[in-house]
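J.: Quick one: structure below, then a few questions.
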Amino acid sequence: MKLSVISEIFKNLFKRPMTVLFPMEKVEIPERERAKHKFDIDNCISCGSCAKICLNKAIKMVEVKKEYKEKYPKTYPQIDLGKCCFCALCQDICPTGCLILTEDFYLATFDKDSIIIEPLKI
Amino acid sequence: MTEIEEKQGDFEMYFGPAHPGSGNFSVRVQLRGERVMKAVVDPGYLHRGFEKLMEYREPMQNSVLSDRICVLEPLQWNLLHAEAVDTLMGYDIPERAKYIRVILAELSRIQSHFIWYAVMSMGTGFTTGFNVAMGYRDYMLDVFDYITGGRLYPAGYICPGGVRKDLPEKAEKKILTLFEKIDYMHKFAKKENPAWLERFKEVGVLTKEEAIKLGATGPILRASGVASDVRRDDPYEIYDELEFEIPVLDEGDAYSRYLIAMQEIEESKKIVKQAIDRMPKGEVKTPNMKPIVHFRKAKGETYTRNELSRGEGAIYMIATGKKTPYRVKIRGPSFTHMIPILKHLLTDSYYADVPAIYWSLNQCPADVDR
């Protein structure tokens with residue numbers, strides 16, 4: 001009977017671990033990572049394409065708060081991160097490139113209301 | 001099958017859905033002592049209604065949804081869905097996109113076979129095998145993350161009309177480095193393991209005739225001695241231009257199914273290396289395509305089939321000139337493996353062999369229920 005796999009098991013005992021000690025050490029996040037959204041409201045033309053393509057209906061076109069309404073009179077995307085599946089179709093369809101997905105994936109929260117993000121806070 | 005008379009002392013056991021080695025799937029086994037007299041499979045714990053959901057969404061959105069049909073091989077389901085839409089729309093896919101599609105589908109196959117090895121190990125108490133396989137699979141997920149932007153879910157990276165983005169810089173180099181990295185895992189898995197020989201040899205034997213009769217496909221059918229592979233029988237993308245072998249074994253037991261997986265990893269590596277060498281430069285999606293498919297132009301129906309890592313998967317789609325498909329029927333490879341074949345193999349086996357047989361079929365409850 002060959003026992004070669006058993007010697008490998010013992011070798012594995014002395015190998016460096018494959019994981020890193022998070023949060024002290026972090027793995028490198030690639031450029032294409034699809035995580036938290038970033039929105040440039042000044043470039044938005046309010047076309048609503050992002051809301052139309054969103055398959056989970058996580059994006060809703062809403063008006064901004066009264067105090068900013070003069071500067072931004074149209075409707076802008078509000079994102080519900082609880083519904084978002086981070087597919088980045090909104091990023092691909094945006095004609096001006098004002099809505100993009102960044103590498104920031106630290107989205108855990110204790111506050112349930114904070115997952116709905118207003119246009120000016122994205 | 002004749003009904004077995006119940007005797008005093010017979011009892012029923014549940015294997016899953018809360019068993020650590022069962023996944024979201026349950027098998028009710030009627031036992032007499034250690035022997036399984038009858039097995040009743042009980043699917044439905046992971047039903048998400050994809051077929052109906054797809055009737056309400058546009059093809060590009062369905063592309064994202066197609067990832068979730070089987071969590072363990074999302075890129076292959078992406079490819080299958082994209083091909084079905086491409087056929088209905090009559091898209092001419094750029095050559096480079098075809099190569100990228102094949103590279104990713106084959107990487108997904110290797111990754112899926114690693115999980116197969118991991119769950120087979122876990123099911124039989126060989127925890128080191130599970131840890132090593134899942135650890136090395138993680139290196140593969142890093143490459144998926146680098147290329148598609150998601151570790152597990154590519155979010156429709158292989159989309160109708162090509163692929164969503166070109167390969168990033170140095171992606172080819174990363175894939176080749178990855179092969180060197182995972183080489184250790186492959187060597188480790190191929191080593192003769194006395195525990196495995198005891199648990200899998202001559203267990204769950206599926207003969208050639210039974211395999212054909214019960215509708216086995218993919219590695220399960222090939223382990224029973226039938227050389228059948230959609231990549232060779234009905235080539236899609238660029239498979240007809242590539243050289244690769246189709247491993248076939250005659251024993252039909254759980255051990256030969258594992259050996260087929262190990263040989264397939266080798267072949268998939270060969271395919272990826274060839275594709276990287278021959279990949280041309282150019283466009284990666286049908287020119288000027290925004291992430292919208294004008295599905296109103298499509299009319300007719302298609303039955304597209306692909307060789308997934310678990311067997312033959314297919315999508316039947318009908319377009320009637322609306323912006324969403326009229327009907328989408330998904331044929332998952334695990335359905336036939338998990339319902340008639342598992343029931344057949346478990347009958348008259350020992351209870352201790354249930355996990356070994358169960359996992360040797362490389363099942364995915366997600367694609368049984370859909």
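In case you wondered, yes, glycine gets a Cβ from its N, Cα and C as well.
If you look up TrEMBL, you'll see B:Glu51, B:Ile330 marked as Mg(2+) binding site. Here TrEMBL flags B:Cys70 as Ni(2+) binding site. If you look up TrEMBL, you'll see B:124-370 marked as domain 'NADH-quinone oxidoreductase subunit D'.
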J.: Give me the CA-CA distance between B:Cys70 (Ni(2+) binding site) and B:Ile330 (Mg(2+) binding site), in Å, as a whole number.
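T.: That comes out at 11 Å between the alpha carbons.
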J.: Over the domain 'NADH-quinone oxidoreductase subunit D' (B:124-370), what is the model's average pLDDT?
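T.: Looking only at the domain 'NADH-quinone oxidoreductase subunit D' (B:124-370), pLDDT averages out to 86.
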J.: Around B:Glu51 (Mg(2+) binding site), how many other CB atoms lie within 10 A of its CB?
T.: 16
J.: Which one, from the binding-site residues B:Cys70, B:Ile330, has the smallest tally of other C-beta atoms lying within 10 Å of its C-beta?
T.: B:Ile330
J.: Three-state secondary structure of B:Glu51 (Mg(2+) binding site) from DSSP?
T.: helix
